[in-house]
Amino acid sequence: MAKNPYTLLGVKAGATKDEIKKAYRTLAKKLHPDVNKNDPKVAERFKEVTAAYSLLSDDKMRAQYDSGQVDASGQQQNPFAGGNPYGGRGPQTGFGGFGGFNRGSAGGQDDMADLFSSLFGMNMGGMRGGMDRPPMNAQKGADVRYKMQLPLVTALKGGTKSLQGGLNVKLPAGVKDGQTLRLRGKGRPGVNGGPAGDAKIEITIKPHKYLRREEDDLFLNLPITLSEAAKGAKVDIPMPAGTVKLNIPEGTNSGKRFRLTGKGVNGGDLYVTIQIKLSDTELSALPSLAKNWPDMGEHDIRRGLL
């Protein structure tokens, strides 16, 4: 977890921009890798204070951090947000990219260039388009994380869904609950010519009223009428991969389960459990039918219940 940026810079939460800049200048001059060569701990500390300054020098990002909308690494605090436009940034981004925050805002890369130029006598024009010193290492852009909730049938069939910001996601058939899809190059732009980061989409599946999935097997509670149960029937079941035919023998009772081999996901099986549902017509006719029902002898259907 990223550290508190105010603590990293040694300033109070209500510090002015000048106070923040002064604190960063002092730390950057002390911790810069050119001054502390071959010291990984100091280099990591430099990355942290640089990322902290990147956040606090950006008026918009600082306001979002102060209000609790984003954490110290720029990650959105709301886990159910449609997408995190600052996903994956923080100290690990490296001082070359300065955390990846908005370039056009106050405290952006031009401000960083001025700081480094004044601190170390470097011409950091490369941050504005040209460079008089060797370029910094190219860095991959930050990944962006999204959450996507799908109906079970959509997850089984696959297709294309759109996320906030117009990002289209091609869903493979049979995507699972908890699975993360990766879209390469759809994250934040790279730094110093580096490749763009990736978009990572975490899938959650909404429960279905009649259908559920366990690994590659599907389990379906199939409603049938009393007439179909008594007389038998051939039923067409509309499954995500296509229609499945089931022969129901006469005299089938609720709870009877049928196994259809290979009709699940990726060669799994489909298990169909019968549920007899009385239609309004059957309900109205049932009292009359019961009166004329032949006496087949006493039978305790609740025997052994407990």
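Count begins at 1; order follows the chain as displayed.
Any Cβ shown, glycine's included, is placed from N, Cα and C.
TrEMBL entries are annotated by machine, without manual review.
Given the structure is predicted, the values throughout are model-derived calculations rather than measurements.
These come from TrEMBL:
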| type | residues | note |
| --- | --- | --- |
| COMPBIAS | 66-79 | compositional bias 'Polar residues' |
| COMPBIAS | 84-103 | compositional bias 'Gly residues' |
| DOMAIN | 4-69 | domain 'J' |
| REGION | 66-103 | region 'Disordered' |
| REGION | 180-199 | region 'Disordered' |
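For the region 'Disordered' (180-199), the number of residues in each DSSP class (helix H, G, I; strand E, B; coil) is 0 helix, 6 strand, 14 coil. The average pLDDT the prediction assigns to the domain 'J' (4-69) is 87.
Across the domain 'J' (4-69), DSSP assigns 45 helix, 0 strand, 21 coil.
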